[in-house]
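Pulled from Swiss-Prot, these are the features on record:
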{"type": "ACT_SITE", "residues": "ASP83", "note": "active site"}
{"type": "ACT_SITE", "residues": "GLU176", "note": "active site, proton acceptor"}
{"type": "BINDING", "residues": "HIS81, ASP142, ASP199", "note": "Zn(2+) 1 binding site"}
{"type": "BINDING", "residues": "ASP142, GLU177, HIS381", "note": "Zn(2+) 2 binding site"}
Amino acid sequence: MTYPNLLDRFLTYVKVNTRSDEHSTTTPSTQSQVDFATNVLIPEMKRVGLQNVYYLPNGFAIGTLPANDPSLTRKIGFISHMDTADFNAEGVNPQVIENYDGGVIELGNSGFKLDPADFKSLEKYPGQTLITTDGTTLLGADDKSGIAEIMTAIEYLTAHPEIKHCEIRVGFGPDEEIGVGANKFDAEDFDVDFAYTVDGGPLGELQYETFSAAGAELHFQGRNVHPGTAKGQMVNALQLAIDFHNQLPENDRPELTEGYQGFYHLMDVTGSVEEARASYIIRDFEKDAFEARKASMQSIADKMNAELGSYRVTLNLTDQYYNMKEVIEKDMTPITIAKAVMEDLGITPIIEPIRGGTDGSKISFMGIPTPNIFAGGENMHGRFEYVSLQTMERAVDTIIGIVAYKG
């Protein structure tokens, strides 16, 4: 189905810079997200028909569409995030390519282009309307496509009371891209049986498995002396960092793994001979493998300290989120419903693990099973990001189908 306000709504949203900041100590991490929620989203939530609309100190804008059929007793939530990834988001100037011809798309005057030879996903979209960047920013389809789709579904249901639906709760939240947005999510206030994050990629994505994730911060304490008289005295902290890294499995890196394979990912190294720091992220799907990865890093640190004869390697491990499959597989109702709705719409469900996490990873462990459904974005987090309007329309269809489902 086509929705006349969907495209303009999306274009309005992406032009607002809501980039999050991992170094911030506030919630949300940037004032622009507060402004977007209070000045743009909340007024529109009220206009499209949501009731009891409010903004929480945790950065979430919340609203409710009451059920219009007493036989539909479920309460279902839909959640999308306001922030965009760590890439230029100032001055987003989307291009709308109608009836895409399957060829190369020049991204404004930037010199960058979307070429099917480089981005095979384009082969799915001839004849469709694509929204791209101008090559100087990201687009923000992750996850403003999700926000636009949820808002459009509510607007349509309000205008069509003949479509009977259950109670719907909507939540638009901050800071998903920096991994802290759902930390303060109020599951008791949201009060639904289950929810969906509308934060996936291409048509048909339906996901209930994520990585389990941890961060590792390492400090290496060296001893700097003049290199000319260094023998037997110098301890080079940078060399310690190299030695630590070289003891990790060389093939367990993001660029060499896929599917259900986990990894260690070196994110940052800074320092000097005297002192160095390294940051890693650790990812795996199975709980035992995840715990083993953390234990392996600790073992390497302990071994190095023993060999050095002093405590020069310090490791701090922090769990970030866990594989939501552990929660959702106890009751697969949200997956069963979404799968049935997609199939009724002629959409082939793509049920694969997410090699990442969503807000649903944390919310599921707060007591609300929250799988993820497609929002349409491709090549997210950079200048080559784009989305199909037709896929966004199908996401709206899917949301409407889920809340009207009678099975």
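Just so it is clear, glycine is given a Cβ too, placed from its N, Cα and C backbone atoms.
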Candidate nearest GLU177 (Zn(2+) 2 binding site) in space, where candidates are the recorded positions ASP83, ASP142, ASP199 and distance is Cα-Cα: ASP83
Site with most surrounding Cβ atoms, counting all protein chains shown within 10 Å, from the binding-site residues HIS81, HIS381: HIS81
Between HIS381 (Zn(2+) 2 binding site) and ASP83 (active site), the C-alpha gap once rounded to whole angstrom: 11
Distance [Cα-Cα, Å, rounded] between ASP199 (Zn(2+) 1 binding site) and GLU176 (active site, proton acceptor): 10
DSSP three-state assignment (helix, strand or coil) for ASP199 (Zn(2+) 1 binding site): strand
Rounded inter-Cα distance in Å - GLU176 (active site, proton acceptor), HIS81 (Zn(2+) 1 binding site): 6
Tertiary neighbours of the residue listed as 'active site' (same chain, Cβ under 8 Å, six or more apart): THR18, ARG19, SER20, PRO28, SER29, THR30, GLN33, PRO174, ASP175, GLU176, GLU177, ILE178, GLY181
For ASP142 (Zn(2+) 1 binding site), nearby residues of its own chain (Cβ under 8 Å, 6 or more apart in sequence): THR84, ALA85, GLU177, ASP199, ALA375, GLY377, MET380, HIS381, GLU385
Environment of HIS81, ASP142, ASP199, the listed Zn(2+) 1 site - residues of the same chain whose CB lies within 8 A of the CB centroid: SER80, ASP143, GLY146, GLU176, GLU177, THR197, VAL198, THR358, ASP359, ALA375
Cβ-centroid neighbourhood (8 Å) of the Zn(2+) 2 site, ASP142, GLU177, HIS381 excluded: THR84, ALA85, PHE87, LEU138, ASP143, MET380
GLU176 (active site, proton acceptor): tally of other CB atoms within 10 A of its CB: 26
Other CB atoms within 10 A, centred on ASP199 (Zn(2+) 1 binding site): 27
DSSP three-state assignment for HIS81 (Zn(2+) 1 binding site): strand
